[in-house]
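I have a structure I would like to understand better, so I am pasting it below and will then ask my questions one at a time.
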Amino acid sequence: MGKKRVYTLARELHMSSKQLITKANKKGIHIKNHMATLDSKQESQVRHAVKASRNSKPANNHKSNNHHGNNRNNQHRVNNHKSNVNKSNQHSHNGNNHNNNHKSNASKFVHRPKSYSNQNGNNNYHRHNNKKRRRWNRRHNRNNNRYSTNQRIRQIHKHNHAPRRKARPLPKTLYYTVGMNAQDIGKILHRAPAEIVKKLIDLGIMVNQNKSLGKDTIELLAVAYHIKAKEKKQVNISDIDKMFKKEINNKKHLVPRPPVITIMGHVDHGKTTLLDYLRHSHVAAHEAGGITQDIGAYQIKEKGKTITFLDTPGHAAFSAMRARGARITDLVVLVVAADDGVMPQTVEAIDHAKAAKTPIIVAINKIDKPGANPKKVTNQLTRYGLIPEKWGGNTIFVNISAKLGTNVKELLDMIILKAEVMELKANPKQNAAGSVIESKLDKGKGPVASVLVQEGTMHIEDPIVVGDTFGRVRTMTNENGKPLKSAGPSTPVEITGLSSVPEAGDRFVVFDHEKDARAAGEQRAEQAQMERRKQDNTVTLSNLFSTMKKNDMKKVNLIIKADVQGSVEAIDSSLKDIKVKGVLVSIVHSGVGAINESDVTLAQATNAIVLGFNVRPTPQAKIQAENYKVDIRLYDVIYDLIDEVKSAMKGKLAPKYKEVVTGDADVRQLYKASAVGTIAGCMVTKGYIGNGTRIHLIRDNKVVYTGKLASLKRFKNDAKEVKQGFECGMTIEDYNDIKVGDVIEAYTMKAIPRK
Ligand SMILES: Nc1nc2c(ncn2[C@@H]2O[C@H](COP(=O)(O)OP(=O)(O)OP(=O)(O)O)[C@@H](O)[C@H]2O)c(=O)[nH]1
């Protein structure tokens, strides 16, 4: 007891241990280091010494510390800040203060230099110190000290509750356009965008200030503000198709444009070789497996005229474009190998081109081959309505060898001639509009789209809406990867800068302002989502009659696929024989083989129903048909097929199916068997239960499960049927959670003919 460490005492006295030791040593009290202990006598001696030194005149201190006029004491500790402050003031008096630590120490403490008037009556000194104090205050932002804490609290309170500037009154009606965002609406309502956002969030609509708002949202907002809402009458910027038509129909400044050609035909008939020859490059040699991989688009020059070629990987892509309303091809060059003749995909190509009302030029290829028989091929093609001019028809036929280049020039001449007859024109001076040929997500570049400019001229930095997405044209390159600044009508280019990947066949339109492009893009994305949900526009056999009536349909489009050509022909002619007043049956495409994706896209493009006889859709076609709600009907009796189509056209729709209950059984006991799961011991209380029947499991008058019986047994034997009043054991397929007291209701599906 009574012993104290040096550093503890130093702290109590607000000084460093070193200072304390120096002072003590001066008074003859020997202290070794700051860890030394002092007894009570030593402690009181040290305290005395320190007190005495503090009571001595400042001049003394001054002297002791600052005789050299060069105090570089950077070591001030937190504990001795008081003496530091004093010291610094004293030093500054000396006009030579280098105490850099002062600032940091002072900022940690609230002590301010005190007035020295009590120490020195000198006016100058006083004024100097006041100046110093003001500087201190300024530097340390301590002017608040002029106020007491209470004063400051009152000030804050006053500030918070200061009467706000009165908000400007709301307009009586909110005149809006769809696609406005919270900022736009805030301006109209004289409210901060943040307030609008908050209001929307309160309404359960999560948005930010920049998000374009739909009609419903804006009207809801108006209701929340107790004001009316009225949509401003103006062109709906989201309606790309309308804009596209407007641009297309813009007849001002029309100038001739290059024709856009699609090369179509059966696999290996020489599409790529022809294109390759035209470009004098070697695309075919580089292609993986020799099969065309991408939709390429290329331009070539012949006799000073430009021709744009699209090389499609298949007819499905062509129809997919058409399905989205894109009419990008002016002419189809149908390549048919002279040694192979008309093949299924040749027919498919003809049907796709016809459905798109695109003229066809036939190129009979590989005439250099030994087995080539162009005449035979021409003959075959006449069956599909392609009759050469010299035989009295109006289709241009050219016999070529893509490999050797034989007659390729003639083919080009014919293309140019046909294009001239078609008077293809466009206005390069308007905003660009066109279609997507191909698109992908590139790791480095982001969404990339190959587009065909059909109208106007596209420029770098153009704000653009493509399908359901939007962006700014960041980069633009031609088919050889050369950067372009602008691209006129019929020019294929690859662009980047879109916010997401569009689809082949999507249309694009350039806008004047990015804001409008964004609003239109966002709105179209919303619309697309809604449409995907609805999908009620497609014709099915069951809605055929009502759709025909509703849309005043004069034609029923059908696609027929069958196992053998004989069946195709039989179905084809029988269907054409159906006579329903004012309605025509149109077979868009018929062929042998499974229902494939190409059939589904063609059906989608032409709003056709697919009829399959003894064939099934491929898994991909099935998925696609489900996605696009294309109606695929499968038959194994020709008569049924014809009859159903006839009935549907006459409004005698396909029968509806109805559940017919055959019997009920009460679950009385349960047995668990590891092999089969839960066996329900039942009593048939009504009707009969058939083996493998469809059932509803009913608990408390609610259907808890719908499925099928997995087994039905009487004692240990399988039963075909168990009648009312008999006991039986049942298991349900994929279901074990049966409970005593449940009712198993057996039913069948019965066709109910429609009236
Ligand atoms: N002898 C001869 N061979 C040709 C001619 N045109 C194409 N070929 C050959 O036929 C094969 C198929 O040609 P491609 O150009 O790849 O056929 P494609 O129609 O583009 O085929 P896909 O891309 O698979 O649809 C290649 O081996 C070509 O060399 C021709 O005029 N004469």
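Placed from the backbone N, Cα and C atoms, the Cβ positions cover glycine too.
Quantities reported herein were computed from a predicted structural model and do not represent experimental measurements.
As listed in TrEMBL for this protein:
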BINDING   265-272, 311-315, 365-368  GTP binding site
COMPBIAS  64-80  compositional bias 'Basic residues'
COMPBIAS  81-108  compositional bias 'Low complexity'
COMPBIAS  115-124  compositional bias 'Low complexity'
COMPBIAS  125-143  compositional bias 'Basic residues'
DOMAIN    256-425  domain 'Tr-type G'
REGION    37-148  region 'Disordered'
REGION    259-407  region 'G-domain'
For Lys271 (GTP binding site), which DSSP three-state class applies?
helix
Which entry in the list of binding-site residues, Gly265, Asp268, Lys271, Ile367, has its Cβ near the fewest other Cβ atoms, using 10 Å as the limit?
Asp268
Across the region 'G-domain' (259-407), what is the average pLDDT of the model, as a whole number?
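Here the predicted model's pLDDT, averaged over the region 'G-domain' (259-407), is 81.
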